[in-house]
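Feature list (source: TrEMBL):
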type	residues	note
TRANSMEM	B:21-41	transmembrane segment
DOMAIN	B:56-161	domain 'FtsX extracellular'
TRANSMEM	B:180-202	transmembrane segment
DOMAIN	B:184-302	domain 'ABC3 transporter permease C-terminal'
TRANSMEM	B:223-254	transmembrane segment
TRANSMEM	B:274-297	transmembrane segment
Amino acid sequence: MIHFDNVTKVYTNQNRPALDHVSVDVDKGEFVFLVGPSGSGKSTFLRLVLKEERPNSGAIHVAGKDLARLSNFKVPHLRRRIGCVFQDFRLLPNKNVYENVAFALEVIGKPRRFIRKVVPEVIELVGLEGKAHRMPDELSGGEQQRVAMARAFVNRPMILLADEPTGNIDPATSIGIMKVLDRINRTGTTVVMATHDAAIVDSMRKRVVELEDGKIVRDQSRGVYGQAY
Amino acid sequence: MRANFIFSEVWIGLRRNLTMTIAVVITVAVGMAMLGVGLMINSQVSMMQSYWYDKVEVSVFLCNQGTASERCKGKGITDEETTALKAQLEKIPGVAPGGVIYENQQQAYENFKQSFATNKALIDAATVKDMPTSFRLKLTDPENYEPIVKAAEVLPGVSQVINQRELIGKFFSMLDTLRWAAITIAIILVLAAALLIGNTVRLSAFNRRRETGIMRLVGASNLYIQLPFVMEGMIAGLIGGVLAAVLLIAAKVFMFEEITKFIAIGAPLGWDEVATSITLTMVIGVLICVLASFVTLRRYLRV
């Protein structure tokens, strides 16, 4: 599903590469934690998958497409198959829960009948039934992140990228968020989650890829956050 | 593509930047109106030229009692001399056969009264005796007037030869200056409008960076993301164009039609010329707005 082959990314005006000869394979339906200290290259990895950045060398394949050969014109179509969740939720403050989720479908031109059908379904999936008409500022951080996940998942993407989704949320609420991510993963969606949260990684027992200074230092199935001996 | 979604986005964008939008509309309106006036003067001039240039005559003024001209040496022309002069004028090559017409003082006075009908004081001050007698020469080729003027000037009893073409030429050159002034102002204003639109779009893009960020993320196509911004520019341009059209119609009624009341222009500007100018300015205005929006989007809305 995601295939990195010897990928190096150096940002302009920086000497040290953000990713340094990284090769990794993520299969369809996998759940992968991307761990490592700040600046280790986690976010760069996610941005490369979205083709927001281009690698300096190496090849990236996402959903069977070679990103180097993907024209700019087709990048939006790639992104429609990838859902994204962020630490800061990125909801539209002047739209309610339903409208925030529906927005993702409206802007890719989905018919209204389809939107009316799938948005309530996905709001229920993330556990926000009955809150469709709340505004974002009336919701807790955990609930806002659920809205963001609903928006990321409403178009049934093949891949869900989560960049520290529990970063702004207390540990108790984080468990609920992880349950939703797990539920999404069980529908067959590949989930890649970048995180600092050791407790969550340890409790989930999923594949862990650890980055340090842009290099993969550990790739372990059913791993934990810290070094496993 | 969902039209109502795009339009609601456009409406929100225009409302959020209301002051900037108004500035754009006014600049576009005035700029396009100036351009339109320039175009209208242009077609007016060319119409007048084609109307007048084959009607112009050469006026040969004769020496009368008291004519202050060196050539007359203080003497008036006698009737015999006048007849002789007429025969000589008819012989000048380029003068149309039977194209020499005598205008006596009474006729000259009537013409004078007609030309200055609005200026009562001048008519009252002038008498029939003040009017010069003259010959009007019709030319076979109005473009080729110089040798005839030269030949007529040296004949005895002629005080002055005036080619109407030169008088009209002065009027035309004045209109020409006016036209270029209008077009210069138009170009400056169009430039200002383009910059203003750029700024509006930049503000708009900044105001909506959350929305566009999410649109990018969920895979909205470039067209879908950019269209609301371009439409904002286009609608502002269109409103400006409509205002410019109103200004041009006003210019036609209050400027061009008023001028025809004072000066016998001969070929008044018609509504179809006005319509052409309006269409042209509208198209140019909208095109510039769309182009300016698009260029700024490229810079401020990375897709």
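First residue shown is number 1, and so on along the chain.
Cβ atoms here come from the backbone N, Cα and C positions, even for glycine.
Automatic prediction, not curation, is the source of TrEMBL annotations.
Panel annotation: around the transmembrane segment (B:180-202), residues 17, 20-21, 23-24, 27-28, 30-32, 34-35, 37-38, 41, 229, 232-233, 236-237, 240, 284-285, 288-289, 291-293, 295-297, 299-300 of the same chain, lying at least six beyond its termini, place a Cβ under 8 Å from a Cβ of the stretch. Confidence annotation: the domain 'FtsX extracellular' (B:56-161) carries a mean pLDDT of 78 in the model. In terms of DSSP helix, strand and coil, the domain 'ABC3 transporter permease C-terminal' (B:184-302) has 104 helix, 0 strand, 15 coil. Taking H, G and I as helix, E and B as strand and the rest as coil, DSSP gives the domain 'FtsX extracellular' (B:56-161) the counts 44 helix, 24 strand, 38 coil.
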